[in-house]
Amino acid sequence: MGEHPSPGPAVAACAEVERIEELEPEAEERLPAAPEDVSFDPGSTGYISTGKFRSLLESHSSKLDPHKKEVLLALADSHADGQICYQDFVNLMSNKRSNSFRQAILQGNRRLSSKALLEEKGLSLSQRLIRHVAYETLPREIDRKWYYDSYTCCPPPWFMITVTLLEVAFFLYNGVSLDQFVLQVTHPRYLKNSLVYHPQLRAQAWRYLTYIFMHAGIEHLGLNVVLQLLVGVPLEMVHGATRIGLVYVAGVVAGSLAVSVADMTAPVVGSSGGVYALVSAHLANIVMNWSGMKCQFKLLRMAVALICMSMEFGRAVWLRFHPSAYPPCPHPSFVAHLGGVAVGITLGVVVLRNFEQRLQDQSLWWIFVAMYTIFVLFAVFWNIFAYTLLDLKLPPPP
């Protein structure tokens, strides 16, 4: 991606506020030591006056990034009581932000963030693309500016692209081997593939993941690929492969486990669990931050996305109850879609709402992680014991 002009101090200062990146080890060596002179804090309260705080910043200005210094000055401007907790200053430099510090910075920044990113002129094509992605995915202007200033396309959004290419490759391979591309799932030999989740073969743990590489037909693959590229790639560009991959894989696993609990005799194919996790998280994030999201035609686009998802879900429900091509085993289940949605509106929303912030500091994140873990453990025990206890008659293995 081509380099763009250096951001103005307003853009950089606003962007620095939300930054939650690990500092390099040597960065802590540049921190100013706590003031030993009692004149800074004569009462040993841990607070210093904003005037003395400014003096402290000026005396260490050579050791501070200019933009970080400007943000700290904004912090000084935001304290009407004339006092600042020195530990808050050290915490920022050590990547240990407190909520009170963050709120103070946000108040101080109102004086710095006057120019919106959309008002930037003379941008190259790559810069306009980065700006477009920022407005598509982030609800706060301060986050959009930080993303615009810091994005380097290194690494590129490799996770969603790699998964998509693998899905297409496996589909083409199966299409050639089965000599069928439309409604492949109706072919008598379709379920013999070792990637498909089948209830009789549920002990083969890899099938809870690998079923995403098998699709019911080109109509099934087509919509999933479009959604993965139009929604998943921009989200990965902003939030990174680790976070988006986590939401996607969690949706995939939740989808297959949900089928094993709620539709126990049916197989599972397709990446809809992961896709619906990402799309539902994105749509929920837009709704929850409606006034802040500045993407164009957002109501129309949300309606189109919901219609497409509903059509795909309707196709899956129809196929599930359509007379099977390999009785007594039914066609693949639609419940994986619902498992993906559940992950999206819980774990996914927390991820998307916390751009460049540490998830481990969010209590809601741990609540949803605990809920997801409980569900996975329940589903594992269900798969071990419930089929026998219920004396359920399963279709024979393919």
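Glycine residues also receive a Cβ, built from the backbone N, Cα and C atoms like all the rest.
All annotation found in TrEMBL is predicted automatically rather than curated by experts.
The domain 'Peptidase S54 rhomboid' annotation in TrEMBL covers 203-353. Annotation comment: TrEMBL describes 208-233, 245-262, 268-287, 299-321, 333-352, 364-390 as transmembrane segment. TrEMBL lists S272 with the feature active site, nucleophile. What TrEMBL lists as active site is H337.
Using a 10 Å Cβ-Cβ cutoff, the residue listed as 'active site' registers 25 neighbours.
Ranking 208-233, 245-262, 299-321, 333-352 by CB pairs under 8 A with the transmembrane segment (364-390) puts 245-262 at the top. If one looks beyond the transmembrane segment (208-233) by at least 6 residues along the same chain, the residues whose Cβ comes under 8 Å of a Cβ in the stretch are 157, 160-161, 163-164, 166-168, 170-171, 174-175, 181-185, 193-197, 244, 248-249, 252-253, 256-257, 267-275, 278-279, 282, 305, 308-309, 311-312, 315-316, 319, 331-332. The domain 'Peptidase S54 rhomboid' (203-353) scores a mean pLDDT of 93 in the predicted structure.
If you look at the transmembrane segment (299-321), the same-chain residues 6 or more away from its ends with a CB under 8 A from one of its CBs are 185, 216, 219-220, 223-224, 227, 231, 263, 266, 272, 276, 279, 283, 286-287, 330-334, 337. The Cβ of S272 (active site, nucleophile) lies under 8 Å from the Cβ of H220, N224, G255, E312, A316, A336, H337, G340, each on the same chain and at least six residues away in sequence.
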